[in-house]
Each structure stands twice: as C-alpha cells, then as structure tokens.
Amino acid sequence: MTGKSVKDVDRYQAVLANLLLEEDNKFCADCQSKGPRWASWNIGVFICIRCAGIHRNLGVHISRVKSVNLDQWTQEQIQCMQEMGNGKANRLYEAYLPETFRRPQIDHAVEGFIRDKYEKKKYMDRSLDINAFRKEKDNKWKRGSEPAPEKKMEPVVFEKVKMPQKKEDPQLPRKTSPKSKAPVVDLLGLDAPVSCSIANGKTSNTLEKDLDLLASVSSPSSSVSRKVVGSMPTPGSAGSVPENLNLFPEPGSKSEETSKKQLSKDSILSLYGSQTPQMPTQAMFMAPAQMAYPTAYPSFPGVTPPNSLMGSMMPPPVGMVAQPGASGMVAPMAMPAGYMGGMQASMMGVPNGMMTTQQASYMAGMAAMPQTMYGVQPAQQLQWNLTQMTQQMAGMNFCGTNGMLSYGQSMNGGNGQAANQTLSPQMWK
C-alpha cells in the first residue's frame, strides 16, 4: 500500500465518522437500534450487526455490506454513502409505510421486514428513479434541511416576543385590585351602619328593644330559680333536724323552736323528707308489743314491756333473752333457782351486783340497777311509772369521761345510795 492510499484510507474514515455524527445515521435504518457500525454502501444506509447479517443473506445484487472500521473503503463507496444516508433512503424505501407500523424486534420478524423493504420493495415509491433521486434531489434535501433550523428558530423568537405580554398580565389584577376592595367593604357593611346610626337614633332604640326582650326572657328564669331555691331546705334548717331528736335539750333551744314554727309548709315537708333516714335510730327506743317466754318454758306467761323511753335503756333482769324481730329489745326467760346464785356470781363483777363493762357493752349508756331487781319473780307484771323514772334519771350519772358507764362514780358518795334507795320494790305494782 503506497503512501497515497494510506492517506486516502484515513480521509475516508474521517468522512464516515462525520456521517455517523448526523442524527439520522445514529440509529439503524431498519430496526432503529443505537450505534450502527456497519453499512450497505450500494443502498447508502448505516445498519447494525444483526441487520448486516440479514443484508448479506439478501445477496450482493440487492445489498453490499461493509464494516465502517474493519474494511477498506473506496471513493465510489464513500460517494454513495454521501449521496443517500439513512434519512433520505427511508424516504425512498418507506414512502408507503403505515404510520401505526411498529418495527419488529425479533430476528425472524426483522428478516421478513427487511426482505419486504429492499427485496420486494413493498413500501417503495416506484415512480421515482433511484439514480435521478440521488443526484437531483440531493440538493433539494439539503435545501429542505437548511430552512428547517430557521423554522425551529422562529418559535424561539415568538417566545421572546411573548415574554413582555406575560409581564402585562400580572399588571391587570393589580389595577383591578383596588376596585375589588370596594364591594368587599360594602358586603361586610362596616360603613353603612355607622352613617345610619349617626343620622338616625332608631338603631339605638332597636338595640334597646332587643336588650329589653332579652331581659324579659331572662326574668322568668330568674323567678323560677328563686322559687327553686326557696323550696330547697337551708343548711340551718337541715342542721337543726338532729337537734329535735336530742333527749336533753338546752334552754336555748326554745328560741329556736319558736323560729321553726314560722317556717313555710315547703320547709316543713323538707324537714320530714330529711328526717326519714334517721327513722331506724328511733326504733331503738321503741318497745315491742309483747315479750313472751321461749317455747321451752310455756308455763310462764308473757310480760308486757315498758312503754316509757327509759324502759329500753334500763338493763334487763336475769333470765331475759333477745327476742327476734325487735331491735335492741330482750325478752324475759325463767331460770332455775339454783342457777340464779351462779348467775349473780359470774355476771356481777362489782359491788351491789352491778354489771361489768364487758358484759354490759351492748347496753352502752344504760343505768346501773340494784341487786334486788334480779330477785323479781318471773310471773309478775312489769309496769313503770314514767314520772318517777324521769325524776330519778335526772339525779343519776350515766356517762363518764370516756362515754362508758361510770360505775365508780355511781357507787361512791350519795349517788350510789340514792340509786339503791330510789329503785326500791315500791316501784313494782
């Protein structure tokens, strides 16, 4: 190879490299794959290696394939490639290709498409002469390609022209913005009421009427609330209920009783309503209708219980048992004569036969009874004289410092003697 031929090869390679830089030549003319490195120089198209194998199978009379880098090119071959190219060749061989046609990707389908395109010339415009198309239309395609960039530049110019129009658009709402504020103020009605109130005094009158209506509506509610408060018992009246139950009222309570009489009917009813939870405490001072001996001693008759308040507070005689159904009451029970002596010895832990605090714990607040009371016959009827008992109880000391029976105080001094003297058999009738 001479030096002249080496220079020609380098020059041809440079021409092919420039042709591959064109946008249409960057993709295969048949399958549109990227980066074709082969060419069919008699047709004038750049193709991929897969399509190059199919072109070889078509035959040399249809397609002649060369490698861009591996084969040597001649001036005639380079001239054919310059005259056609992928874009111009597809306009000739794909003139009647449907717009919705999708290029195949499978080898078998690609081979069928290539044979239809170049061998059968199925999509080719047969009215055109290929040689005339290469020479004559070569300049036309170049001229057609030259104004194309000018048309592309035109929209850029129009965009520059439209830019000032876009600037004017935001100025329109700025001018109309102060006009739009006026109806907003009218809708709120901030200005109109002020002028009307200054011109005419009717607005203030209407407001006063509205306030009067509100006051008239609120007045019945206040009266109802006053009635409800009046009907409810006051804390003073509620707190005075336990004072009515006091057994030993103080002299100052008389003035309170006179003030209580002046209460209305509603307050009296409320007092009775608040007194209902304390009814069980009154039952402790009530006596049953009759206390009978148990069935084990049918020979002894029943004994009528005391009707006075002090009867329930006094300790029962020996042989009395609790009767079911009567709260806080006991019934007498006959005991043998021999049992009485042991009863006195076991139950009486203090002089004069007084009961100990442990044995009389359920009888808290009860008065001490003399020993002679335990000798009463079971068949006798027990009757208490209310007037005598109240006088005697006034002189007795029931409670000590700790709230329990003060046996020491009652046994010492004249109190103990008075108790033994006052509670004499004269009481029993």
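Each residue, glycine too, has its Cβ placed from N, Cα and C.
The compositional bias 'Low complexity' annotation in Swiss-Prot covers 217-231. If you look up Swiss-Prot, you'll see 13-137 marked as domain 'Arf-GAP'. The phosphoserine annotation in Swiss-Prot covers Ser127, Ser219, Ser223, Ser225, Ser231, Ser240 and is backed by similarity to another entry. Here Swiss-Prot flags 138-181, 217-263 as region 'Disordered'. What Swiss-Prot records for 163-232 is region 'Interaction with clathrin heavy chains', and it gives similarity to another entry as the kind of evidence. Per Swiss-Prot, region 'Interaction with PICALM' is recorded for 340-429. The feature zinc finger is assigned by Swiss-Prot to 28-51, with sequence analysis given as support.
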Distant-in-sequence neighbours of the zinc finger (28-51), which means Cβ under 8 A and at least six residues beyond its ends: 16, 19-20, 63-69, 73, 77, 80-81, 83-86, 88-90, 93, 103-105, 107, 110, 113-114, 117-118, 134
Stretch-averaged pLDDT - the region 'Interaction with clathrin heavy chains' (163-232): 49
Neighbour tally for Ser127 (phosphoserine), based on other Cβ positions within 10 Å of its Cβ: 6
Residues of the zinc finger (28-51) by DSSP state, where helix covers H, G and I: 3 helix, 7 strand, 14 coil
